[in-house]
Amino acid sequence: MNQRGEAPISVIKRLPVYLRVLDNLVKRDIEVVSSKSLSKETGFTAEQIRKDLAFFGAFGTRGTGYNTNYLRERVLRIIGLDKQTNVAIVGAGHLGTAFARYNVRENPYTSVVGLFDVSPDIVGENIEGVPVYHLNDLQEIVRKERVQVGVITVPAVHAQEVVDRLVEENVKALLNFAPAKLTAPEDVRIHNVDLTIELQSLIYFAKDELNEESTQDLE
């Protein structure tokens, strides 16, 4: 059995998908689920699901399937969501506040302890019960609330400064939405999400589809 840290990143990224499906199955009181059923729910092949889970041990019985509650609890522990994860969002603009609202409503495994901004129009407000602090209070709140994950939704020019301040408070996981190349110590993991690049990549595929349709129309 491979240890948690040895699983490929592609496997790790599929685990939350499995967890979401398992959450829904538990809510529907489905006690046993097969890899074939998980395949239908996730879009991944049954073989891929079995291989992914095998990285972390044996969870089911051949011909019987997986105990849904047990598998869900194991996946929670593997990801690290069996304990509350505190999150700070830096940048309380449209993206930051939307991210906070979504997590409060849809993500029971994390707690957004605060949004941070410099605008007097929003500092002191509450977003879905999440307080908006001034950026000057970032390190104090991060330290007090034992924040483990930072979400960066500030303009690119300010993103590196935010990284440096979060790293100084021993935050080891950062989700960055700013279109900037950021640097951090080797033991800090940064996941970059550039929505503009994602949209442009999608347009490329949409263009191919449109070109194909245009060609067919000319035939």
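From the backbone N, Cα and C atoms, a Cβ is placed for every residue, glycine too.
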Original post:
To which of the residue ranges 17-56, 137-176 does Swiss-Prot assign the term DNA-binding region?
Top reply: 17-56
Subject >> Sparsest Cβ surroundings (other CB atoms within 10 Å) among the binding-site residues Ala92, Leu95 >> reply: Leu95
Subject >> 8 Å Cβ shell about Gly91, Ala92, Gly93, His94, Leu95, Gly96 centroid, NAD(+) site members excluded >> reply: Ile89, Thr97, Ala98, Phe99, Leu115, Asp117, Thr153, Val154
